[in-house]
Amino acid sequence: MTKFSEYKDVWVYTEQRGGKLMNVALELLGEGRRLSREISGDARVCAVLVGHETDHLADELTAYGADLIYQIDDPLLAHYTTDGYAKVITQAIEERKPEIVLFGATHIGRDLAPRIAARLDTGLTADCTRLDIDTGDYMEYLEKNTTASLAGLSAEDGDKGLKQTRPAFGGNLMATIVTPRTRPQMATVRPGVMEKLEKDLSLKSEVVRIQPQLSKADIQVEILDVVKEAKELVSLTDAKIICSGGRGLGDASGFELIEAFAKKVGGVVGASRAAVDSGWIDQSHQVGQTGTTVKPNIYFACGISGAIQHLAGMQTSDIIVAINKDPEAPMMQLADYAVCGDLKKVIPEIIEAWDQA
Ligand code: FAD
């Protein structure tokens with residue numbers, strides 16, 4: 001059985017692409033720092049930086065909260081490959097035994113984390129929206145209330161365990177999942193959910209370089225070239241203003257109005273799943289449980305009813321403006337500003353007023 005006492009520290013896979021850190025990596029450093037301080041006085045939050053020639057990223061990781069940076073550098077890691085990255089991170093985890101390992105739920109994080117968890121024979125909770133450290137009561141609760149055998153484990157084992165919360169059953173309830181038998185405890189976390197720390201240039205960290213045991217034969221894919229998608233990239237996660245359209249647009253041409261609206265207010269176009277499933281707009285614009293989680297300063301929801309799966313992806317926006325002809329729609333109840341009316345009349349009026357403002 002895993003010796004829990006050998007495991008310490010919180011690791012964050014700090015995903016970088018082309019020498020640029022992903023926002024979610026910085027968000028997770030903030031969250032990892034909070035969790036590590038709750039585990040014990042000497043637990044650290046450690047950034048796991050994988051790639052080639054990544055020295056320039058160390059200062060940014062430190063300023064956003066990393067106590068220690070494990071830099072795994074090799075020319076074979078210059079581009080992401082599933083088998084190369086999975087191998088070197090698994091090696092590092094086996095050698096150094098972190099208590100918790102967090103990944104952003106990006107395409108790469110979702111590809112990488114389950115492979116590593118399977119190699120380590122430990123649990124992984126995907127797509128978490130909340131993380132907490134157990135104070136011991138959760139294991140006691142499980143002992144009393146579940147039929148699952150917890151033989152050999154005591155409430156002490158659950159002490160300081162990670163409670164991993166994610167939407168379940170189509171977003172209708174939140175499930176809290178624990179990893180009582182194995183270490184490390186692993187989770188992927190949705191981008192845009194956790195708060196990154198204020199950048200603090202006075203923070204200090206230690207950099208530990210790890211020379212991975214990796215050869216060309218370990219990597220079955222050869223990257224010949226990296227070609228950026230030709231279509232316009234949708235950066236919903238970082239957008240300050242989002243103008244989203246739903247089924248209330250009526251048809252695909254409704255998005256011309258939303259695009260004009262977004263252009264006018266300096267926003268990015270979002271969509272509900274109903275609009276995406278109708279084929280009116282690409283899935284990369286979808287906001288919600290099975291789309292992107294967003295937290296803009298202003299979220300305009302145009303012709304979107306406010307189903308729980310949509311709300312799961314945008315309800316923490318600073319200001320929500322709903323435009324809907326149904327005053328009873330859940331989005332109208334949630335909104336800071338609810339405009340009741342036909343969006344085909346209301347949006348052109350806002351565009352016109354914006355010009356005059
Ligand atoms: P509707 O619910 O049909 O609402 C249309 C709204 O437009 C209504 O409120 C109506 O009053 C209003 N309207 C109509 N005409 C006008 C007009 N002319 N002017 C103004 N208002 C008008 N959905 C997501 O969005 N994102 C997700 O990630 C997502 N994930 C899901 C995952 C699962 C497992 C499941 C089961 C569902 C998921 N859904 C998701 C779907 C979700 O349940 C809803 O079906 C969807 O969000 C509804 O989209 P909508 O609000 O555009 O359409």
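Even glycines carry a Cβ here, placed using N, Cα and C.
For 10-223, the entry in TrEMBL reads domain 'Electron transfer flavoprotein alpha/beta-subunit N-terminal'.
GLN289 (FAD binding site) falls within neither a helix nor a strand when secondary structure is assigned with DSSP, and so counts as coil. TrEMBL lists ARG247, 272-273, 286-290, 303-310, ASN324 with the feature FAD binding site.
Once Cβ contacts within 10 Å are tallied over all protein chains shown, the binding-site residues ILE304, ALA307 are led by ILE304. Confidence for the domain 'Electron transfer flavoprotein alpha/beta-subunit N-terminal' (10-223), expressed as mean pLDDT, is 91. When the neighbouring Cβ atoms lying within 10 Å are counted for each of the binding-site residues (ARG247, HIS310), the highest count belongs to HIS310.
Here the binding-site residues are GLN286, GLN289, and the one whose Cβ sees the fewest other Cβ atoms within 10 Å is GLN289.
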